[in-house]
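Chemist: Let me begin by handing over the structure; questions about it come next.
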Amino acid sequence: MGSELAANNHRRLLRLRCSVQHYDWGRVGPESLVGRLSAFNSRSEIQPDKPYAELWMGVHDSGPSFVVSGDDNGESSLKDWIAQNPAALGHKVFTNWGPHLPFLFKILSVAKALSIQAHPDKELAKQLHKSHPIAYKDDNHKPEMALALSEFHALCGFISLQELKDMLQNTPEIKEVVNAEDANQLLQVNDEQNDGGLEIKSRLKSIFTRLMSASKEAAAESASNLKNRLQRESQGRELTEKENLVLQLEKQYPGDVGVIAALFLNYVKLKPGQALYIGANEPHAYVAGECIEVMATSDNVVRAGLTPKYRDVGTLCSMLTYKQVNPFYCILSFPKTAESCHFLFS
């Protein structure tokens with residue numbers, strides 16, 4: 001097989017028919033890049049009132065691609081084609097992953113925020129798939145990188161300790177749904193103490209878990225109170241970007257606990273060409289814009305807010321690293337070599 005791979009210098013382009021996901025957060029009709037690409041790819045008309053959220057290129061069962069024959073009279077799945085033509089993967093990929101495509105390539109058109117979510121590492125992915133195969137459809141991890149095609153807004157990672165303290169002091173609605181003692185103890189934490197940030201992570205985990213585990217009624221009341229206060233204050237002062245985001249999210253998902261949870265996360269805006277890397281067990285949510293996304297071949301998503309889909313609050317809150325991330329380091333330059341991306345799939 002090695003000599004066959006090495007000798008495979010002749011390559012040809014194959015046309016793929018790609019799968020489309022019509023999630024309700026997608027841009028609608030011709031306003032969606034995914035919709036326009038899908039229409040071109042499938043040689044069909046765009047449905048003007050239908051959301052076009054994601055275009056998938058890969059072999060995952062939730063959205064497989066198909067190799068179209070030259071005469072358009074037949075097609076086979078990309079997974080089957082690769083199994084029959086493993087040399088097309090190249091020597092390095094075949095050596096590491098065998099006759100399997102290790103990544104999934106997507107294009108996203110985001111009109112409203114996706115869920116507050118995280119993706120499991122490999123060990124947790126295996127456990128989740130075994131115990132809940134309907135919700136978690138495979139046993140692989142899902143680290144991912146998003147490359148902005150337009151201005152792209154996202155939430156990623158927890159804000160700094162000082163920002164947390166300021167937020168707790170200036171957002172009384174949070175104390176309506178979390179334990180006041182936990183909040184007060186976090187306010188007393190010194191970020192210079194020599195424990196590797198363990199106490200900060202412990203306090204943050206306790207507060208965030210209580211928030212995400214709040215009853216629907218308590219979360220809805222708190223989100224409504226937050227919205228009403230910000231609307232009143234906007235009459236006398238200019239709201240911050242994060243506060244305007246809260247109002248946007250509350251309009252999209254009224255009364256959702258994710259509206260409040262967004263205050264705990266960094267809010268970043270990518271320019272076209274900038275990239276965002278999301279590792280395993282890190283909280284994030286895409287908010288608006290269009291991007292290219294590449295990830296390990298998986299569809300495992302643990303959700304807990306801003307979604308009508310299945311929420312696994314206990315798993316999400318227990319799996320997070322609770323690392324605090326400087327948003328400057330969330331934004332990356334796109335890797336120049338394939339070797340730079342190896343860590344995504346290994």
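Cβ atoms here come from the backbone N, Cα and C positions, even for glycine.
It should be emphasised that the depicted structure is a prediction, and the values quoted were computed from it without experimental measurement.
Straight from TrEMBL, here's the annotation block:
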- 13-158: domain 'Phosphomannose isomerase type I catalytic' (DOMAIN)
- Gln117, His119, Glu144, His284: Zn(2+) binding site (BINDING)
- 197-265: domain 'Phosphomannose isomerase type I helical insertion' (DOMAIN)
- 213-252: coiled coil (COILED)
- Arg303: active site (ACT_SITE)
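I'd like to know what surrounds each of these features in this structure.
Modeler: Within 10 Å of the C-beta of Glu144 (Zn(2+) binding site) there are 21 other C-beta atoms, taking all protein chains into account.
Within the chain carrying the coiled coil (213-252), a Cβ under 8 angstroms from the stretch's Cβ atoms is held by residues 112-113, 153, 171, 173-174, 176-178, 258-260, 262-263, 267, 287, 306, 313-314, 317, all 6 or more beyond its ends.
Other Cβ atoms within 10 Å of the Cβ of Arg303 (active site), summed over all protein chains shown, number 22.
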Chemist: For the domain 'Phosphomannose isomerase type I helical insertion' (197-265), jot down how many residues DSSP puts in helix, in strand and in coil.
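Modeler: Result for the domain 'Phosphomannose isomerase type I helical insertion' (197-265), in helix, strand, coil order: 53 helix, 1 strand, 15 coil.
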Chemist: Quick check on the domain 'Phosphomannose isomerase type I catalytic' (13-158): DSSP residue counts for helix, strand, coil, in that order please.
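Modeler: Secondary-structure breakdown of the domain 'Phosphomannose isomerase type I catalytic' (13-158): 41 helix, 44 strand, 61 coil.
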